[in-house]
Structure formats: structure tokens, C-alpha cells
Amino acid sequence: MSKGFFVDTTRCTACRGCQVACKQWHGNPATPTENTGFHQNPPDFNFHTYKLVRMHEQEIDGRIDWLFFPDQCRHCIAPPCKATADMEDESAIIHDDATGCVLFTPKTKDLEDYESVISACPYDVPRKVAESNQMAKCDMCIDRITNGLRPACVTSCPTGAMNFGDLSEMEAMASARLAEIKAAYSDAKLCDPDDVRVIFLTAHNPKLYHEYAVA
């Protein structure tokens, strides 16, 4: 059965446990960075960073709020990145029937028009390595979930912000949580729930969290 995530940003504390767990499980190196006077680190996705907690300070109702957004690939129902890559090589990006995972393979390095693949993503997720055209992003921890384990990011979350299971279960959980918080947050919404397998809940306008929070 198709899988999915429910990401409840109202429960995210920006501990970045998900970000660290993702790197540890995939054996990816830390990103060289510098102190910019802001807490978000690294500043953006890269070839070795598939999960990133974005942090934005916003003035809401006359007070400063810190908004956290644990960003990742949405594993779209109809992934435009794959549709674009398929024009060159239908095996460069795989859409797994069993899980719904959108998986970038090493064959992406042979795609000449990699820029079109990247720009096709409405969430600005894929990144390429400097040495070639090979691209990478969240792989849904497909090696874990096909062996009965949850994704690394989900197992590390201490607050219940990250959730994973059958897509129908995640959709129901997201809808129930939205109804629960609507009284306190009138602008709360689910981000593109009909188009993605990673459903984000935001308490405020999604664009306050990240420019590409919604398509």
C-alpha cells in the first residue's frame, strides 16, 4: 500500500533530530558552513542534505513568532521531476508502485538536461553534486520501510511532528489534527494534500514558513 508522511509543524521544536538522523542513516557528510548569526544550518538543501529544518521569524498578530518547517521531498502523486527525466531516460527516476517513493538513481548523472528536472519540482527540492549531473533528495528511507522500519527522520522525532504510515492513515491523521487546531489557528491548513505523499500542516500561511512550502 502507498505510504506517506504527516508533518505537523505545530509540534516541531526545531531540535533537528530528523535532519541529523537522515544524514546518519544515509552516511552523508556534514555540510561545511559558517556562523551567520542565524540558527538554520545548513542554509539550504544540497547533494548530501535531504532533510532540512527551515526557520523563519515572522511578525504575526503583533508579535514575533518563530516558524519551523522540517522540509523534504513531497514524493508527489504525479511527480513532475520524473515526467521531465523520462524524456531522456525512464529509469533515471523511479516511481515505486508499492510505496509511492520517488527515487533518484545514479543514472541521473547521465541526464543532459538536469536543470529542467530540478526546475520541474514546485518545491525546489532536488540538488546536484558538483562533479557531475547526478542529483539526490529524500528517498523515503525505502531500504528501511521495505524491511518493516520507519524512516530515520520519523524515529528520531520526540514530539510527534514527524509521522509515517499508509497514505490513507496519514491523510486521516492530518485532517483530524487540522480540525483540532482550527479554533486556535484560523489560518491553519494542509499543504497540497491531494498532490503529495508528504502532507504538511501549518498554523499560518505556508508561505510564511518557506517560499516553496506549497506549489
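Including glycine, each Cβ sits where the backbone N, Cα and C put it.
What Swiss-Prot says about this protein:
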type: DOMAIN; residues: 3-32; note: domain '4Fe-4S ferredoxin-type 1'
type: BINDING; residues: Cys12, Cys15, Cys18, Cys157; note: [4Fe-4S] cluster 1 binding site
type: BINDING; residues: Cys22, Cys138, Cys141, Cys153; note: [4Fe-4S] cluster 2 binding site
type: BINDING; residues: Cys73, Cys76, Cys81, Cys121; note: [4Fe-4S] cluster 3 binding site
type: DOMAIN; residues: 129-168; note: domain '4Fe-4S ferredoxin-type 2'
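Closest in space to Cys153 ([4Fe-4S] cluster 2 binding site), of the binding-site residues given as Cys12, Cys15, Cys18, Cys76, is Cys18, taking the CA atom of each residue. For the pair Cys12 ([4Fe-4S] cluster 1 binding site) and Cys138 ([4Fe-4S] cluster 2 binding site), the C-alpha distance works out to 19 angstrom. Taking all protein chains in view, 21 other C-beta atoms sit within 10 angstroms of the C-beta of Cys12 ([4Fe-4S] cluster 1 binding site). Cβ contacts within 10 Å of Cys15 ([4Fe-4S] cluster 1 binding site), excluding its own Cβ and spanning all protein chains shown: 16.
Listed in chain order, the extra residues whose Cβ falls within 8 Å of the Cβ center of the [4Fe-4S] cluster 2 site residues Cys22, Cys138, Cys141, Cys153 are Cys18, Ala21, Trp25, His26, Tyr50, Lys51, Gln72, Asp139, Met140, Pro151, Ala152. Under a cutoff of 8 A between CB atoms, and with a sequence separation of 6+ in the same chain, the neighbours of Cys138 ([4Fe-4S] cluster 2 binding site) are Cys22, Tyr50, Lys51, Gln72, Cys73, His75, Val125.
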